[in-house]
Amino acid sequence: MAELEGLEFGKSDFVLLDEVTMEQFMENLKLRFEKGRIYTYIGEVVVSVNPYRQMDIYGNDTIAAYRGRELYENPPHLYAVSDAAYKAMKRRAKDTCIVISGESGAGKTEASKYIMQYIAAITNPSQRAEVESVKNVLLKSNCVLEAFGNAKTNRNDNSSRFGKYMDINFNFNGDPTGGHINNYLLEKSRVVQQQEGERNFHSFYQLLRGGSDDMLRSFHLQSDPAVYAYTKEGAATTSNNDRSSHRAVMSALEVIGFSKEEINSVCQILASILLLGNVQFESDSESVQIRGLEAVGHIAELTATDPEGLGKSLLFRTVATGGGDVIEKGHTEQQACFGRDAFAKALYDRLFGWIVGRINSVIEVKDYNPVLHGKNTVIGVLDIYGFEIFENNSFEQFCINYCNEKLQQLFIEVILRQEQGEYQREGITWRHIDYFNNQIIVDLVEQPHKGIISILDEACLTVGKITDTVCLDSMNTKLPSTLFGSSPNFQLSPTDKTMDFQKHFRIRHYAGDVTYSVEGFLDKNKDLLFQDFKRLMYNSSNPVLREMWPDGQLSITEVTKRPLTAATLFKNSIVALVDKLACKEPYYVRCIKPNEMKSAVLFDDARCQHQVAYLGLLENVMVRRAGFAYRQPYARVLQRYKMTCEYTWPNHLMASDRQAVEAIVNHYGFQDDVAYGHTKLFVRTPRSLFALEQERAAVIPILVLFLQKVWRGALARMRCRRMRAIYAIMGCYKRYKVKAHFWEVVRRFANVRTMADYGKSGTSYCTCTSDVLWWARQIVKNIPPSDMLEVRAKVAAQSTLSGERKDWGFGRAWERDYLANVRDSPQTSSGFIRASKELRNKNEYSQVLFSCFCRKVNRFNKSTDRGLLVTDKYVYKLEPRKQYKVLKRLPLDAFTGLSVTSGADQMVALHTSSEDDVLLCLQRGELCPNQDRVGELVGALVDHFTRSVLNVQFPVKVCRSAVQLHMRGKPKSVTVETKPGQTNADFKKSRDGFILLVPGN
């Protein structure tokens, strides 16, 4: 329990401070940091201090402890606010978001990963495969985006150099079904230049350090980052984790769904950028040349482009004149270097955007139908670059800090201004709390026609030689006179020795004063890239590169609309992001950086106090301490909790919903913890709300059981009345039918005993079972006992083959033992009779079930003539030419079934459990060449197995195409073909088994 933490750990919620002062706030924050308590609440806001070490507070046990619990039930943790956002989304079907803010190095990226880990762990308890797949892609995307979007800076070893907002979609069960990632302003200038002590993006070092020797050789790379101009600055600080990180990224790309060709293309583009940085130029009096063309050839190979076209794009620029003519303008050496770096930055920027788009194509929800699947709710997680103040602050820092101003404005709007405004509207007694509103700084940057971004855009659109210095003069002239007068939020003073004249300007941000260098502002805002490079990449034979450069399909003479500048695009995306966050219920994680040394024990009081001040945490404590944790309209409160009070369930009889809500509050004794507004109920602490939720959770199962009982009773009574009516009708109808049937039987069978066929020919009225059985008994009792064996066999064959096989010999007499029949085999019958008697005496079988000549396939896949003898104990294979010598004997119970075809052929496949299956074709006999004996064999075996002591069913399969069997441990297939001119049926080997050739026209 959070409130039961020992005093040695300080206060777990800043709202519990004895006095709300900066001194007590900092004292409590420092004490908890030193005691290893890095999380502290301000109501539902989590304040997180970067510990700069691994902490054992994120395992499965911790996840289980926070799952489904209220905020105050456990010590402060990221998991608690994650669970609160998830419960709000699931219970109220309301979109939520978790905004993680703080300066660079405060631990925002790690916090977002732990939040994603928790959400993944508590969802999909049934382990549905499609949900697990979505969760894996969402988690693995963090690894990929970190590699391509993060870098080591002087303030943070894993600094996000782009902004990321991820929407996670959930179904009505609360399981993730997909998501979408938005990325904002990748710091692509880092590709070509880094400050001292910093690195390029992780992806370059991971490729060089983690790629195999064969891979690097195929990409024309060396493993040392110092060899390449774009990575040599960070070569000395290469991390030992680059190798393992490379393996993790490659594995993550495969899990997400990237093909091997796409992954290889990504690595080729990274290699191309590294090689591009080493391309050097030299100039003579007339032109500029590339120093050494080998690198150009390698780049062309990796990008699947023409080497000559690539070299030409690096040295020349193709432009269209007003008359429609196309000319080539050669670059100066400086212009060539600028074009090379712009090309490298654009390649990486397009690659990063393509990777994000590729991930979105996998995780985005497709064909979602709210009617079938329920409402689709969302949890958003924002992990965006923190406020930055460097020694040299350029265009990127200007955009990043503007983004943080917008997010701070949202925090002020939601937490401070809107909350206080709502109390005033609802008539709640409230003492106004002053706070710093940064709207003036936001307007300074983004106001149309007057802000800094508008001035930059105007300078970029102006024809003529406009430099960064001219743009700075324009800001100095326009901003104070048109927007802010003498406001100190924008400073450009020639007398200020801390700023260089005609180079620096200063903005007083909410987080502190930042001095920006105007050098490169216009070029970075224009984000200029010559069309030659775009057309070159679009014409690449690599489909991934072609997909990244769709604008390259435009010809040089086509007139296109001037693209928006980088600052305007970024402003539009941030405004859209803030609008998206504003329509969700926000949860905040405010990250604090304890020191600049990345130390796990050092707590810099002044540094932390500055962050607490500009994040507005003290004002947040004041508002929270004086405010209310929960507020809802009376109708929604009543709808959710009316079942917990006897005065409001199922419907109240009071004058208004407010009175009904008051009855619920008074019933549980929460009068001192609530306030009643004009339209809403305000609850001060989560404890009261949690008590109501517990009561509701206890009552809901009782109500469900009651409703089920009532409905089941109603269904049972309806069913009972229906059954009674049915039985009454059935009783009357049965009595009528029995009487009518009885008198009809008496009339029809009056003289049946005197008829020769017992009335079969003259009586058609025989419908009931007793009539049929009586008539059948009259017929059967006159059958001689010697014929009963044949009758039973025919009955068995009919039940098995009727309707399945064209002819099965029903209309003729079955003799069974054809080898002993003198008429069927006059020359050999005596030999068989003699051999049969010897076998009877030797093996003690009592009955011959079936015997005849057959054509059998032996173990050498050849067919031979054999004799088949089936007795009640064994099945024999006999050699007719050697006095019916026994070639093989198998117990009858070893056979598990047989297969025949649906045609008129005589093929039979006997299946065994341990031996090879037996494939044979029965021979019809010399006197009756059209005689069918398959039905006789089937009937004899089925009848014997049914009536013998085995008392089991003998399965018979009738195959309409091919017969399947196993011989020599392999499956075989046997088909039947009709061959003109064939005298006798015979087997022929085929590719996958055998073919039975039968005579035909």
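Positions of Cβ are set from backbone N, Cα and C atoms, glycine also.
Feature annotation from TrEMBL assigns domain 'Myosin motor' to 9-697.
The ATP binding site annotation in TrEMBL covers GLY102, GLU103, SER104, GLY105, ALA106, GLY107, LYS108, THR109. Cβ neighbours within 10 Å of THR109 (ATP binding site), excluding its own Cβ and spanning all shown chains: 24.
Annotated region 'Actin-binding' per TrEMBL: 574-596, in sequence order. Summarised by DSSP class, the composition of the region 'Actin-binding' (574-596) is 9 helix, 8 strand, 6 coil.
Under the heading domain 'TH1', TrEMBL lists 803-1000.
Neighbours of the ATP site: apart from GLY102, GLU103, SER104, GLY105, ALA106, GLY107, LYS108, THR109, residues of the same chain with C-beta atoms within 8 angstroms of the site's C-beta centroid are ASN50, ASN156, SER159, GLY386, CYS591, LYS593.
Sequence-distant neighbours of GLU103 (ATP binding site) (same chain, six or more apart, CB under 8 Å from its CB) are GLY386, PHE387, GLU388, ALA511, CYS591, LYS593, GLN611, listed in sequence order.
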